[in-house]
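As recorded in Swiss-Prot, the features of this protein are as follows:
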BINDING   12-18, 40-42, ARG304, 330-332, 412-414  GTP binding site
ACT_SITE  ASP13  active site, proton acceptor
BINDING   ASP13, GLU14, GLY15, LYS16, ASN38, ALA39, GLY40, HIS41, THR128, ARG142, GLN223, THR238, ARG302  IMP binding site
BINDING   ASP13, GLY40  Mg(2+) binding site
ACT_SITE  HIS41  active site, proton donor
Amino acid sequence: MSSVVVVGTQWGDEGKGKITDFLSENAEVIARYQGGNNAGHTIVFNGEKYKLHLIPSGIFYKDKICVIGNGMVVDPKALVAELKYLHDRGISTDNLRISNRAHVILPYHLKLDELEEERKGANKIGTTKKGIGPAYMDKAARVGIRIVDLLDREVFEEKLARNLQEKNVLFEKVYGVEGFKLEDILDEYYEYGQQIAKYVCDTSVVLNNALDEGRRVLFEGAQGVMLDIDQGTYPFVTSSNPVAGGVTIGAGVGPTKIKHVVGVAKAYTTRVGDGPFPTELHDEIGDRIREVGREYGTTTGRPRRVGWFDSVVVRHARRVSGITDLSLNSIDVLTGIETLKICVAYRYKGKVIEEFPASLKVLAECEPIYEELPGWSEDITGVKSLDELPVNARHYVERISQLTGIPLSIFSVGPDRSQTNVVRSVYA
């Protein structure tokens, strides 16, 4: 048995899709365990660029099983569109498996997400308005509709009618907008269900059988630890658990089955949406990193907020996710910056703190304590090993590993798969 979990150690967008795609070559099963189509990952395959939001990035390999786990929330309309997107490009999806226990995102979830974000005004969370939060709310309130319900027209109609009765009161009385009619949703979404029915099964059986047979299973996290509903910058978080522990719940495998946890980080920090960001840059260096790193959201196209590498954040991620291996991405983006900074701790009211605060009020008042390192100007995009890196680049990478306490296993010097280098195997 060899299982690897890939998690983001920052606020998402660390390049998990690329690393998952890279590690997929040696995996036999690739599974997602939380989130929905709020996560976007870009994969370069055979020179073509693909953008996926729901389907695991291992879909490009016909011999590998790809799993949408029970912990995910699935927008059937978006899933059918993504399947068509792949089919139109000649990519087979016969290797896809969808959990019958995953919850379904319906039009009223999308509407609620949008209205609630508008209502909050200046206090908005910065959601992607994909209905993720409202779908997880229904799941927790035990009124959610699951994939297994979507496939049974009688059950789907009954649950949908019950939910619309409640949601329409909310739309009309609280938000002052028109609700939904049963016929607006029933036929269209039942049909989406029929289009995905052939992929639906109990995915926990698929995953546990694979692990028991000693096959290599890769679990692909979405978002990042700092967006985790329990461990992130609450309430500026997602509604699920991207931490490695989310695998046990969202994929239906026991904690004893997890062997390695790869924490993916950029060599700097980015964030989409609102919330405190201690190392954020509002200067020319920040603008330069954003442009060179093409830091615009895959899902929203929004410019990402950019800052220096924060080892307080990544140490927190290591602790709460049990990270065993570091994958450091986008080192090349920092080429040409004369002096680089790494945040080693925070200063709060004259005191040095090394743990990430739970209070956003405290966090907003924290000043980053920086260690300065000399930059490099050499082109590193063709580098294949640590030894080939310029002295300053290597020192920067090694210092990040030291400060975070995570051994370096993978580093990447460009967006292409060929620019991803293994220092030590995560499947060992």
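Note: Cβ is positioned from N, Cα and C throughout, glycine not excepted.
Ranked by Cα separation from THR42 (GTP binding site), the recorded positions ASP13, THR128, GLN223, ARG302 are led by ASP13. Look at the binding-site residues ASN38, THR42, THR128, GLN223 and count other Cβ atoms within 10 Å of each Cβ; THR42 has the fewest.
When the recorded positions ASP13, LYS18, ILE331, VAL413 are ranked by how far their Cα is from the Cα of ARG302 (IMP binding site), ASP13 comes first. Candidate recorded positions: ASN38, GLY40, HIS41. Nearest to GLY15 (GTP binding site) by Cα distance: HIS41. Among ASP13, GLU14, GLY15, LYS16, ASN38, ALA39, GLY40, HIS41, THR128, ARG142, GLN223, THR238, ARG302, the residues given in the record as binding IMP, the maximal Cα to Cα distance rounds to 34 Å. Once Cβ contacts within 10 Å are tallied over all protein chains shown, the binding-site residues GLY12, GLY15, GLY40 are led by GLY12. When secondary structure is read from DSSP and collapsed to three states, LYS18 (GTP binding site) falls in the helix class. With GLN223 (IMP binding site) as the anchor, the candidate recorded positions are GLY12, ASP13, HIS41, ILE331, VAL413, and the one with the nearest CA is GLY12. Distance between Cα atoms for HIS41 (active site, proton donor) and ASP13 (active site, proton acceptor): 8 Å, as a whole number.
Around the Cβ of LYS18 (GTP binding site), a 10 Å sphere holds 25 further Cβ atoms from the protein chains shown.
Every protein chain shown contributes to the tally, and the Cβ of ILE331 (GTP binding site) ends up with 25 other Cβ atoms within 10 Å.
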